[in-house]
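Asks: TrEMBL feature annotations, pasted as is:
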- Asp7: active site, nucleophile (ACT_SITE)
- Asp9: active site, proton donor/acceptor (ACT_SITE)
- Asp7, Asp9, Glu167, Asp168: Mg(2+) binding site (BINDING)
- 7-9, Trp23, 42-47, Ser50, Lys74, 112-116, Lys143: substrate binding site (BINDING)
- 48-75: coiled coil (COILED)
Amino acid sequence: MKAIIFDLDGVICFTDKYHYIAWKKLADKNGIYFDEEINNRLRGVSRMDSLEIILERADRTYTAEEKEAMAAEKNASYVELLKEMSPADLSDEVKNTLDELRNRGYKLAIGSSSKNTKMILKQIGLGEFFDAVSDGTNITKSKPDPEVFLKAAEFIGENPADCLVVEDAKAGIEAATAGGFKSAGLGEATEHPSVTYKLGSFKDLLEICI
Ligand code: B16
Ligand code: MG
């Protein structure tokens, strides 16, 4: 393995609580039922696909324009919450593991569905850290399509077979496998049948990437 491509939300840092608050505010305003279980289904899923999942509980249909406006409204609340993030939201375990992987000579990249990736990285003090960032702003198809990881591999000039993808979402493991990458899963991603390595914790990467 020459390079490691990390998912952002749920791997490097945790923004689910902010996604939840912002979607809940939108759902409540529109009288649509939303809870933490539905929020869990939004892991690794793009903003518009997340909205479609939320609208499964709506009692009317929404036009494309209304959907665009709803997604923009949710994102505005979410971005307000992201402003509260700081380097304190990056754990010592993640920071020390990333530093050690860099010392070992691996190229390190991000592969995230989020269009807010660059802002989040900046907030947690990793704005300049990665060799490349592939995110929701440079893809047309979201996970489980492999596009976001294939772009990350292209940006760092490596073949998928030489890269490890680290993911917390089943859709992310599916994307990695479809793209010809090996994968390391955290949390629910360990349950995906095609995951290559199951991690108990982020620092376990140091046992795989020697
Ligand atoms: P945004 P990841 C994903 O990030 C999140 O897990 C998912 O919940 C979110 O809907 C998606 O990004 C899009 O985010 O609205 O900020 O563009 O896990 O792929 O790093
Ligand atoms: Mg994730």
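Quick reminder: no glycine exception, Cβ is built from N, Cα and C everywhere.
Owing to the predicted nature of the structure, the values given are computational and were not obtained by experimental measurement.
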Asks: From Asp7, Trp23, Gly44, Lys115, which recorded positions have a C-beta atom under 6 Å away from some atom of ligand 1?
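Replies: Listed by sequence, the hits are Asp7, Gly44, Lys115.
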Asks: Listed recorded positions are Asp7, Asp9, Lys115, Asp168; which sit with C-beta under 6 angstroms of ligand 2?
Replies: Asp7, Asp9, Asp168
Asks: Of the recorded positions Asp7, Asp9, Glu167, Asp168, which sits closest to Arg47 (substrate binding site) by Cα distance?
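Replies: With Cα distances computed to Arg47 (substrate binding site), the winner among Asp7, Asp9, Glu167, Asp168 is Asp9.
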Asks: Determine the most Cβ-crowded residue among the recorded positions Asp9, Glu167, Asp168, using a 10 Å radius around each Cβ and all protein chains in the structure.
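Replies: When each Cβ's neighbours within 10 Å are tallied, Glu167 tops the list.
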Asks: Enumerate the residues of the same chain, Asp7, Asp9, Glu167, Asp168 excluded, that satisfy the criterion Cβ within 8 A of the mean position of the Cβ atoms of the recorded Mg(2+) site; list them in sequence order.
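Replies: For the Mg(2+) site, the extra neighbours are Phe6, Leu8, Gly10, Val11, Arg43, Gly44, Ser112, Val166, Ala169, Gly172, Leu186, Ala189.
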Asks: Please report how many Å separate the Cα atom of Asp168 (Mg(2+) binding site) from that of Asp7 (active site, nucleophile), as a whole number.
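Replies: Asp7 (active site, nucleophile) has its Cα 8 Å from the Cα of Asp168 (Mg(2+) binding site).
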Asks: Give the number of CB atoms, excluding that of Trp23 (substrate binding site) itself, located within 10 Å of its CB.
Replies: 24
Asks: Please report the Cα separation of Trp23 (substrate binding site) and Asp7 (active site, nucleophile) in Å, rounded to an integer.
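Replies: Asp7 (active site, nucleophile) has its Cα 21 Å from the Cα of Trp23 (substrate binding site).
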Asks: Taking just the CA atoms, what is the gap between Asp7 (active site, nucleophile) and Glu167 (Mg(2+) binding site) in Å?
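Replies: Checking the Cα atoms of Asp7 (active site, nucleophile) and Glu167 (Mg(2+) binding site) gives a distance of 5 Å.
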